[in-house]
Amino acid sequence: MALRPCTGFTISSLRNASAANNNLFSLLSFSSSSPAKRNLLLSSLQDNLRRFASSASLYRQHLRNQQQQHQQQQQSRVKEKSETLAQKIGKSIRRAGAPSKARVYADVNVVRPKDYWDYESLAVQWGVQDDYEVVRKVGRGKYSEVFEGIHATDNEKCVIKILKPVKKKKIKREIKILQNLCGGPNIVKLLDIVRDQQSKTPSLIFEHVNNKDFKVLYPTLSDYDVRYYIFELLKALDFCHSRGIMHRDVKPHNVMIDHEQRKLRLIDWGLAEFYHPGKEYNVRVASRYFKGPELLVDLQDYDYSLDLWSLGCMFAGMIFRKEPFFYGHDNYDQLVKIAKVLGTDELNAYLNKYRIELDPNLTSLVGRHSRKPWTKFINSENQHLAVPEAVDFVDKLLRYDHQERPTAKEAMAHPYFYPIRNAESSRTPRSQ
């Protein structure tokens, strides 16, 4: 049996207080003109009014509590239903006849020599671990712990990424990719590779970036700042894509920004992979809030365009001041959150194009939703960032169909970046 919360009053007590006040009003009307009696009655009336106001306030609080309890029970029932459905959800089925291939840079690794992308054959050249000293811990992830350090001989700051025990080929893949991208625009620079002599634990040594936490930095960025840093990030993405590499984990946590120096670096290449057309990749990549629909519906022959979706989620969070923009409780709920914004008609068109059949339980969980206009996310707090060109740009990035998203190079040509391109061209010295 459900117990009612103890509130210290009943509805009848409110009625009694009201009746007492009515009696006092009557007495006031017919009382003598004696000041003493009138003051006594007024004092009694004030006491009753205070009691009534207190009871009414408690009653309103009681109603609010009941309403909150009801909402929590409803949310709990919805969550339980979602969790029950989620336990029954199987993998999506992909019918033959609708292969997907990158629109650009598809054959980079086809024409490159095998030793460019064959990371399993990499012979690692180990440096000397004693050349570096750990100063303090700055972060940790699923596969590593990260420390600020210094080079023992010249006291130069660096970042030391100590890798947790994982398959050797995963470590080799990250090293090979970092070596292939070395010197690229806004790519974090790998300085050295060392390992402990006893435990054989490997560590990667990187350039140091005086980064500020994005949760602190992003709310302070101006419209121009956002344009500038997203443009800088696109430079890094176009470079790695042009070298046949997908990052597969683009998110604010992996974008280091030294705001004083206006320097950006794309870090954490642990999930990055070489793109080969037609190859089926693991969909368990990227962080949940930044996972593209292709990952959530088990489309395995994805490509570089995955990084543009993740960038779109990051960008939407910045301009709408809503971090994360798609806030799913699990991978299935992540697809639900996307569908509530982009609509289910568009999702079904995407699934039909690539001949994907969702598990019926996932279809039931997603439900039916109409497309939500981007203007619904604009308010007085973000309207200085969510300008028309920004909204148009986010609309082009956040598309179900990965082949409809712009490439990194196409994205850089969007009108949103005109002020940045204009500033860059004015700084570039003209040839004589």
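Every residue, even glycine, has its Cβ placed from backbone N, Cα and C.
For Asp249, the entry in Swiss-Prot reads active site, proton acceptor. Asp249 (active site, proton acceptor) falls within neither a helix nor a strand when secondary structure is assigned with DSSP, and so counts as coil.
Same-chain residues at least 6 positions away in sequence with a Cβ under 8 Å from that of Lys142 (ATP binding site) are, in sequence order, Lys164. Taken from Swiss-Prot, the feature ATP binding site covers Val138, Gly139, Arg140, Gly141, Lys142, Tyr143, Ser144, Glu145, Val146, Lys161.
The compositional bias 'Low complexity' feature in Swiss-Prot is assigned to 66-75.
As annotated by Swiss-Prot, domain 'Protein kinase' applies to 132-417.
The region 'Disordered' feature in Swiss-Prot is assigned to 63-83.
The transit peptide annotation in Swiss-Prot covers 1-55.
Look at the binding-site residues Val138, Val146 and count other Cβ atoms within 10 Å of each Cβ; Val138 has the fewest.
Taking only the Cα positions, the spacing between Ser144 (ATP binding site) and Asp249 (active site, proton acceptor) is 15 angstrom. Put simply, Asp249 (active site, proton acceptor) is 17 Å from Val146 (ATP binding site) when counted between their Cα atoms.
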